[in-house]
């Protein structure tokens, strides 16, 4: 995730922070007063308020220098104890910087020993035999040899550690002027040996490992522990053990909740609309046609898709997608595996049924007799089931770093069982639609401008396949555009880390897809049910189905509808699946049969099929066989169901 080869130059910028935190702040404006220092010696000022005290200790949840100090009971502390708290914060920020230098540096554990030595230096308390007037506390500076080892193992540190400066990194000792405290030997300058953490490092390195600290909101886990492996849903910023938070910081929290709310609202509406379409065209409608089957099966696919969303927001988006801090849901999380499988089988089946509808439209226009329609049902269902079984077997369903649902996140699987087969299906459907448009164009050239009924009949099917097909194509375009920029997004993770290290207080976001494009991607997926309802669920065809349904003609319901004039049953069309309110006499039944025969033809003219329903006057085109649509599906009787 963290591209070390392309981002090494950027990582060096982290050391700008290092420049600040590695200045030895307890050596304020050291001056030598014209003293000619011996080779290997530095000089320092005496702080009369400084003391030798215990190290304040690390916090329970964040280890720092407890195991990296030679003697935690003897730490040089200037002014008051609060300076230790300040230095502790600086050390913590320094360790954060070192965490992200692991790809460039070696022996960083020793560097951490050196950092602790700089900010919590060993303390030398002068005895009265040396300073009879007053005992003073003096710090032991880090030895030049230790500084050079830190720099040699991590060249990036050379920009911030000037090991040649004897005032900060003496080779032998630091001289302090103790004349005012009664020391007279050596011209009043007392040498305090430098501190070399090598001995401490060699003694404690086996028990004190490199301390990694991740800036908030990144979390620290042990990647070598199978419990926290990447396969369990942890996204590591290699080579560190820092993982991305869940939900991924691609967008602001406000924008994530906007997408959650959009998904809740549209999915619920789409679910209800699809239930209505299945009930209308699949259950109440006794007159079957291949287009009614297409509507029914496509709407059933949308129901499955939206069920995924309903289950997800029922559990809670963040609870389902992020079952633990820093961990994205994977297939072994039952709710993720189940919702992911629902979504995949729904979206795949939906693509296949959209393609089937396109093929049927083309077959009607070209008067091509298709094979038994049951083969479409068998193929679409079987292919959809196989496409979900394969990724389930490969544990390929997971939430991913930024999404609203669990789905297939392994590239090989998603390309093999979705993008490639569905891409082929969309291509076939698109070719059919283009050919249909061409056929309509040829027909309309011979149609009188005064008689445009045939053209109007084609608006709904074309509007449907265009909107739904366009939505599917947008999903493809967005996905492959996102994939083409995935490397760029990964490379820019270092910018996100730099923002976290800068500690400016502003909200840091990772690079990712454009928010509007991402929003529209999920918007279209949840719009299918509403689109089909608006085109077919509100049609005269759907109203006729309900008027003739047993539900509205039920003895307990029909009187209520008549009483309040909700539905005008006198104007309804009687066709095979309807209920006839006329008398039961033999003549009435014969009249009813004749009426139903005529009504069936009228109903066909309202049907959703793309066909020329009437002859055009004066040498115009003639209509193809009306009964082709029923050749593969059991047709309804011409008589009343009652």
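Keep in mind that glycine also has a Cβ here, set from the backbone N, Cα and C atoms.
Look at Swiss-Prot and you will find 47-197 tagged as domain 'FZ'. Sequence annotations record features per position, and here Swiss-Prot assigns N-linked glycosylation site to 80, 153, 162, 177, 203, 222, 261, 482. Residues annotated as transmembrane segment in Swiss-Prot: 265-285, 295-315, 345-365, 376-398, 417-437, 461-481, 515-535. Per Swiss-Prot, the feature compositional bias 'Low complexity' maps to 583-598. Here Swiss-Prot flags 584-611 as coiled coil. Per Swiss-Prot, the feature compositional bias 'Polar residues' maps to 614-623, 632-642.
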Quick one: of the glycosylation sites 177, 203, 482, which has its CA closest to the CA of residue 162 (N-linked glycosylation site)? 177
Taking pairs 6 or more apart in sequence, does the count of Cβ pairs under 8 Å between the transmembrane segment (265-285) and the transmembrane segment (515-535) hit 3 or more? yes
Rounded to a whole number, how many Å is the Cα of residue 177 (N-linked glycosylation site) away from the Cα of residue 482 (N-linked glycosylation site)? 66
Please report, as numbers and ranges, the same-chain residues at least 6 past the borders of the transmembrane segment (461-481) whose CB is under 8 Å from any CB of it. 291, 351, 354, 357-358, 361, 419, 422-423, 426, 429-430, 433, 436-437, 513, 517-518, 520-521, 524-525, 527-528, 531-532, 535-536, 608-610
Would you confirm whether the transmembrane segment (417-437) and the transmembrane segment (345-365) meet the contact rule of 3 or more C-beta pairs below 8 angstroms, pairs 6 or more apart in sequence? yes
Please classify the secondary structure at residue 177 (N-linked glycosylation site) using three-state DSSP. strand
Using Cα positions only, nearest of the glycosylation sites to residue 482 (N-linked glycosylation site) (80, 153, 222, 261): 261
For the coiled coil (584-611), what is the mean per-residue pLDDT, to the nearest integer? 42
Cα separation, residue 203 (N-linked glycosylation site) to residue 261 (N-linked glycosylation site) (Å, whole number): 57
If you measure residue 222 (N-linked glycosylation site) to residue 203 (N-linked glycosylation site) at Cα, how many Å is it? 24
Residue 80 (N-linked glycosylation site) in three-state DSSP notation: coil
Identify which of the glycosylation sites 261, 482 has its Cβ surrounded by the largest number of other Cβ atoms within 10 Å, counting every protein chain shown. 482
Non-local Cβ contacts of residue 153 (N-linked glycosylation site) (under 8 Å, 6 or more apart, same chain)? 105, 106, 107, 108, 110, 111
